[in-house]
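Residues or ranges marked as Fe cation binding site by Swiss-Prot on the basis of sequence analysis: His111, His115, Asp319. Feature annotation from Swiss-Prot assigns substrate binding site to Leu134, Val135, Ser136, Gly137, Gly138, Asp167, Gly180, Asn279.
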Amino acid sequence: MLVLGIESSCDETGVALYDTERGLRSHCLHTQMAMHAEYGGVVPELASRDHIRRLVPLTEGCLAQAGASYGDIDAVAFTQGPGLGGALLAGSSYANALALALDKPVIPVHHLEGHLLSPLLAEEKPDFPFVALLVSGGHTQIMAVRGIGDYELLGESVDDAAGEAFDKTAKLLGLPYPGGAKLSELAESGRPEAFVFPRPMIHSDDLQMSFSGLKTAVLTAVEKVREANGSETIPEQTRNNICRAFQDAVVEVLEAKVKKALLQTGFRTVVVAGGVGANRKLRETFGNMTVQIPTPKGKPKHPSEKVSVFFPPMAYCTDNGAMIAFAGAMHLGKGREVGAFNVRPRWSLSEIVK
């Protein structure tokens, strides 16, 4: 079956075609990054209008790439939430109108479930079960995934998401939009331990996380640098050092929490998904991940166990239609109820987990 996927939750318009027998047939994406850059962030009204302009051309582009026509589409999947209300409505209205015209089922998809399943689009796919780290600008959550639709929330950020902390810290440092990616780039030139920031909740027994205090620590460091220099300008190397220290702190917390999740579940496979999954430092750190089962005092230590870690292809780390088409196809195959028109801007992932 050929499923058309539509993503419009924020500032990317994504359309893709997924074939349940042949895999991903085509994938088209338009980013609004340049349009929002002059405002320093996403402007919801502009985002909605641009989605409306892009959806038809992107759909036709995907059909052309796949050598298919509208008549070949068997179902239409769309992002129902969470996201910007107007942006979601643009995609939902288009998906439902197209499905009605084609007399095909429409499949509402949770945006985060799309990210959760995106590594399954890679040539080398993880096997169930696995621990999933969803890490993006809006969410940071750790899940136990035992199969399609079988998810358990293990822990999440109690305040800022990791990606949000990246963006806000970048803004504190005066970096251009989108700041998170620029911060990661500058961190490559930072000196290790020139600054040392706290690792919030890293030693807590649970799998909850917090990043707002880390952002505050950066603000304090920036203010001290400016006061010492008698200038609002932060020296280039100092700025890079702050970026490095911030990134190291975030990645260390994420690594520690995921290791705890592996010990808690007994799983030895990790999937990382979401926009921050493109971060080079995160990929390097998780790529070398091992876990060691705790032993009673005085007993020989267990050998470290290697962990299999999977990331989605870079093209599917950010918002995209391919993950929505895939998630929709999986639910269509399992007989999920379809036909919901409404959008859900504040849809918690906890509502679809066990």
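The backbone N, Cα and C atoms fix where each Cβ goes, glycine too.
Per-site Cβ counts within 10 Å over the binding-site residues Asp167, Asp319 peak at Asp319. Taking a C-beta cut-off of under 8 Å and a sequence gap of six or more, Ser136 (substrate binding site) has these contacts in its own chain: His115, Ala161, Ala162, Gly163, Gly274, Gly275, Val276. Taking only the Cα positions, the spacing between Asp319 (Fe cation binding site) and Gly137 (substrate binding site) is 11 angstrom. Looking only at other Cβ atoms within 10 Å, the busiest spot among the binding-site residues His111, His115 turns out to be His115. Recorded residues His111 (Fe cation binding site) and Asp167 (substrate binding site) have their alpha carbons 20 Å apart, per Cα-Cα distance. Annotation for Gly137 (substrate binding site): spatial neighbours Ala161, Gly163, Glu164, Phe166, Asp167, Gly180, Gly275, Val276, criterion Cβ-Cβ under 8 Å with sequence separation of six or more. Taking the centre of the Cβ atoms of His111, His115, Asp319 as the Fe cation site, the nearby residues of that chain (Cβ within 8 Å, site residues left out) are Glu7, Ser9, Thr79, Leu112, Gly114, Ser136, Gly274, Asn320, Met323, Ile324. Following the DSSP three-state reduction, the secondary structure of Ser136 (substrate binding site) is coil.
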